[in-house]
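Peer 1: One structure, pasted below without further comment.
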Amino acid sequence: MTTLSPEAFAGHTPMMQQYLRIKADHPDTLVFYRMGDFYELFFEDAEKAARLLDLTLTQRGASAGTPIKMAGVPHHAVEQYLAKLVKMGESVAICEQIGDPATSKGPVERKVVRVVTPGTLTDAALLSDKNDVYLLAMCTGHNKRGVAVNIGLAWLNLASGALRLAEIESEQLAAALERIRPAEILTPDGATDAIPAGAGASKRVPAWHFDIASGTQRLCDQLDVASLDGFGAHSLTSACGAAGALLLYAAATQGQQLRHVRSLKVENETEYIGLDPATRRNLELTETLRGTESPTLYSLLDTCCTTMGSRLLRHWLHHPPRASVAAQSRQQAIGALLDAPANASLDALRSALRQIADVERITGRLALLSARPRDLSSLRDTFAALPALRERISAIVANADALARVDAALAPPAECLDLLTSAIATEPAAMVRDGGVIARGYDAELDELRDISENCGQFLIDLEARERARTGIANLRVEYNKVHGFYIEVTRGQTDKVPDDYRRRQTLKNAERYITPELKTFEDKALSAQERALARERALYDSVLQALLPFIPECQRVASALAELDLLAAFAERARALDWVAPTFTDEIGIEIEQGRHPVVEAQVEQFIANDCRFGPERKLLLITGPNMGGKSTFMRQTALIALMAYVGSYVPAKSACFGPIDRIFTRIGAADDLAGGRSTFMVEMTEAAAILNDATPQSLVLMDEIGRGTSTFDGLALAWAIARHLLAHNACYTLFATHYFELTQLPAEFPQAANVHLSAVEHGHGIVFLHAVNEGPANQSYGLQVAQLAGVPAPVIRAARKHLAYLEQQSASQHTPQLDLFSAPPAAIDDLECADAPALPDTPHPALEKLRDIDPDDLKPREALDLLYELRTLVRSHDADGHA
């Protein structure tokens, strides 16, 4: 605890001195200071909380001559206020009364029992059911010369106890943070590492917390091992430094040991298919480009029956394994679930899973001794349901190794279940302070105290009947009031019948009130029975929590198995409902998708046109041409999504699909200005293209959509041509290259590994019908004017564009110049077309021609067309009569 100078306390009351000491230890944290039924905030904390939470700011007296500004929240509603503050990135120290007000001399003893921060949430009320919350620490590693060589990362899901380490290059930091999405990031004081905007709440901690030797020892102590060799982490020095700071910070916020952090996973970048931030964003895995949660691949796949399964799905989507072995194991399990006999049907299994509690997070709270009564009853009911759940999958475990592993892990911890069954009431109260949590029969003393409290009325009735019979006083009454407690009342005319063991308690005008040894004994028990029962129940509950701690590893094992079973069952349900198939894998280079469909778009439309996609050693780049809105981007995205789904372990939306090795997926689809970073749309596009050209390998899948926009026509065309050539000649990756530069369709003549495909459309009048079918060969036109018309561009603009298009096509044909890209640069204004190369226009145009130019046949009714025809004939005759040719 920080010690303040005596001068700092001069003039302050004892209570404010206590507060100031506590606040000095948490200078950058809001302190919720418990006073009775409220948590109070003082001084600057009060002003800040009032502003953030819209609380009333009050002022009560002064301390050391300074007005005491106050704001408070009721203790029973504290969680809703904590949730708001954490969402804003704030941290809150919860300071509770731990002393007894009745026996305290001076202020009641208080201390901070926990600190709630964005990255250390465990309370159910503060957590999103389907999102994990990560605390991450980063530590820069240096060589002997002091040169930075890497960045060590350690991140912890405190709610589950999952701890992971990795070491990355500095340029990989943005991608790593996008994948992990930490809620809070710890960095050393004085560090210069640039954390990308929006990556998470940043927290500076003392640099010595990141000491590598101390961190390594702290990690070994946490995992109860002598060395980290068994986890493959012995050489990750900077990551161990980060882990040391992370564990120190997390334990400090909880005010206790992290008993559930018992394992460690080291992540290697070669373990998963690489997905950079642009790819995760463009494929809309868990969030749309508009920032909404639906429609996304995650929202389509998430039919999980438990929140554990939903969280695991999110993790799998962002961590598709490169090795196809994991995917094949999962798909084998899906097949077994789909082929299960009636007694182990998929529907029956999912119905049973809906009754399962969130064992993962309950276990986390149990380890931190913060589990509530209904957490324990839910854990008990889940463990009791495990035998029936295992019975449902027992018939099919032989057909799938993944299911056999899950089945073995679902063996219920018998001793844990016995303790929960005997100790916890069938339907306990929400909070221990409300009573009714410990089951009857678990503790004789508690049962007796409850009996006294619950049977008080009956005891008094029985006592009154016995005393009337014993004394012969017919109007004797046994009663109670708050001032005098229990008493026996006898009217004055009957006092001569009072036995010797009656002791006078109160004299009234017409009666005497007595107490007997038996009634006094009962009174002592009854008056304190409820209070003593609650205290006894609290002590018993705490002892139950302590007794459950040894079962944490078993609870974690069950939670992991339940999440995997639930997710596999959800994959099976999606495959059955949406007519998906199991993909196959090969070690050969290639991708073969027959009648593939975009999983998310298909769910949003009535009819979806399926398309094939084929890559191989002799076919590495597809040049995709066709109209805007024709489906080029959809076709590219669906190819990437089908590949990702296959490696995640799901069935895929296709008639058949086969995949060779894939190490990374890149996308260059669409872009927007990066205003905060000072980058234009074109700069963003080129940055993404550079990453692809530098990092793509022959096993990478690359999506390039209309590269070269945002600059001059010839600059853009030159860049697109050079980029496509480089991808073919040097990267040799699987590439889907959509373009409006029709000059690029000549590329297959130079590179046989390139092929032209196009999205077809049919012109109808001045309109267009998109067929969304992918065909071999290049498109014959872009249909840009028709798309513009569909978009609602005014008719005069469309007519002017048609005139200019005809002129440009005529000019191109006469001069043999390349076709211009109509979508990269706007055409010159019609009024500016009089240039040296333009044909001379007649000084006096024919009036009939002028009239014809202004006509839109699609807008004419039959009668109007006939009248116009007569008008044109009149104009021609009149013009000829004036002597014109």
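Every residue gets a Cβ built from N, Cα and C, even glycine.
In case it's useful when we look at the structure, here is the feature table from Swiss-Prot:
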type	residues	note
BINDING	Gly626, Pro627, Asn628, Met629, Gly630, Gly631, Lys632, Ser633	ATP binding site
Peer 1: Tell me whether Ser633 (ATP binding site) sits in a helix, a strand or coil according to DSSP.
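Peer 2: Looking at the DSSP assignment, Ser633 (ATP binding site) belongs to a helix.
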Peer 1: Taking every protein chain shown into account, which of the binding-site residues Pro627, Gly630 has the largest tally of Cβ atoms within 10 Å of its Cβ?
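Peer 2: The most densely surrounded of these binding-site residues is Gly630.
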Peer 1: At a 10 Å cut-off from the C-beta of Gly631 (ATP binding site), count the other C-beta atoms across all protein chains.
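Peer 2: So the Cβ neighbour count for Gly631 (ATP binding site) comes to 25.
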Peer 1: On a count of neighbouring CB atoms within 10 A, which of the binding-site residues Asn628, Met629, Lys632 is highest?
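Peer 2: For the binding-site residues Asn628, Met629, Lys632, the Cβ with the most other Cβ atoms within 10 Å is Lys632.
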Peer 1: Using a 10 Å cut-off on Cβ-Cβ distances across all protein chains shown, tell me which of the binding-site residues (Gly626, Ser633) has the largest neighbour count.
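Peer 2: For the binding-site residues Gly626, Ser633, the Cβ with the most other Cβ atoms within 10 Å is Gly626.
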Peer 1: Can you give me the residues near the recorded ATP site, meaning same chain, not Gly626, Pro627, Asn628, Met629, Gly630, Gly631, Lys632, Ser633 themselves, Cβ no more than 8 Å from the center of the site's Cβ atoms?
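Peer 2: What remains near the Cβ centre is Leu759, Phe770.
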